[in-house]
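*Asks:* What follows is a structure written as structure tokens; I'll ask about it next.
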Amino acid sequence: MYRFIIFFSLLALTASKVSEPEKDDEIAVKIPTKRSVSEPPKDDDIAVKIPMRKKRGIAIHPWQWESHLWPNAEVPYDIASHYTATERGIILSAMEAFRDVTCVRFRPRRSTDKHYLQINKHYQLERCFSYIGRQSSRWLFGTRDGKVETRMKLDPSCLLYNGRGTVMHELMHILGFYHEHQRDDRDRRIGGSASHYNFKIYQRAKSYYMGGYDANSIMHYNFGSVPWQKRDYFSPSDIRNINTLYKCNNRVVSKFPSTIPSTSTTTTKAPQFELFEKKQIESNSLFRRRRS
């Protein structure tokens, strides 16, 4: 009898550790040391390990591609109805940034989509977080209708200042990328606690380093010892990394510049969006980029 009690206690403890990302203002997900279907990759930022020519960035392991990359570079999403029109507009603006320079497409989910991104502010986690890559565990992320949702929490406070950049950062996590400042060749001025999961270094044996360190990446935190930057646009290496990870070279990609800061979205009221359609994006100044 006691053996059964101990067994189920350990099982419950293990489940709570697997399904609950570590706390932080951006996200949490550790890379599992062993291949496990039930254990989602977790951490604040990084990408997948890719056997290709030298690129910049850091990514997840090749064995995770099949289950954690989004097929055909297409991410179905569902944005909770509790967000205001302005908040929803900021989220959609961040999604549109990927369309400009990569083959990745975010679209409203359909009833036939088995996997999709769910954005909600009520998850029992800190402010803003995202899982790394598409989640596939029905045990942890299954819904009542048999679907599997990859969760992103966006508290409204995350959207107040540099909201567009914050959402772009979190969407990079959703695509499979980790933090740039957690590389072993990062700026030596970066300081912090080694016990903090968003400061620790990811070993090259457990993650894929896509070329050299890039302090301008949208996946890089701002630190007091390093010149502060407001990031609401992709660096050239961010663009290369996404296109490499999702094999965009053989697809048509827009040539709009992404290294120029976009128009602020924090003071502009967005219209109510029923569908994420290109014609709506092009007709609304909230989503326009400066192209000169």
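Glycine too: its Cβ is placed from the backbone N, Cα and C atoms.
As listed in Swiss-Prot for this protein:
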ACT_SITE  Glu170  active site
BINDING   His169, His173, His179  Zn(2+) binding site
DISULFID  Cys103-Cys248  disulfide bond
DISULFID  Cys128-Cys158  disulfide bond
DOMAIN    56-249  domain 'Peptidase M12A'
SIGNAL    1-16  signal peptide
*Asks:* Of all the disulfide-bonded residues given, namely Cys103, Cys128, Cys158, Cys248, which is spatially nearest to His173 (Zn(2+) binding site) at the Cα level?
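*Replies:* Out of the listed candidates, the nearest Cα belongs to Cys128.
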*Asks:* Cys128 (disulfide bond): which of the recorded positions Cys103, His169, Glu170 is the nearest Cα neighbour?
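*Replies:* Among Cys103, His169, Glu170, Glu170.
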*Asks:* Which residues does Cys248 (disulfide bond) neighbour through Cβ under 8 Å, counting only same-chain ones at least six apart?
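*Replies:* Long-range Cβ contacts: Ala73, Thr102, Cys103, Val104, Ile242.
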*Asks:* For Glu170 (active site) and Cys158 (disulfide bond), determine the Cα separation and express it in whole Å.
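*Replies:* With the alpha carbons as reference points, the distance is 11 Å.
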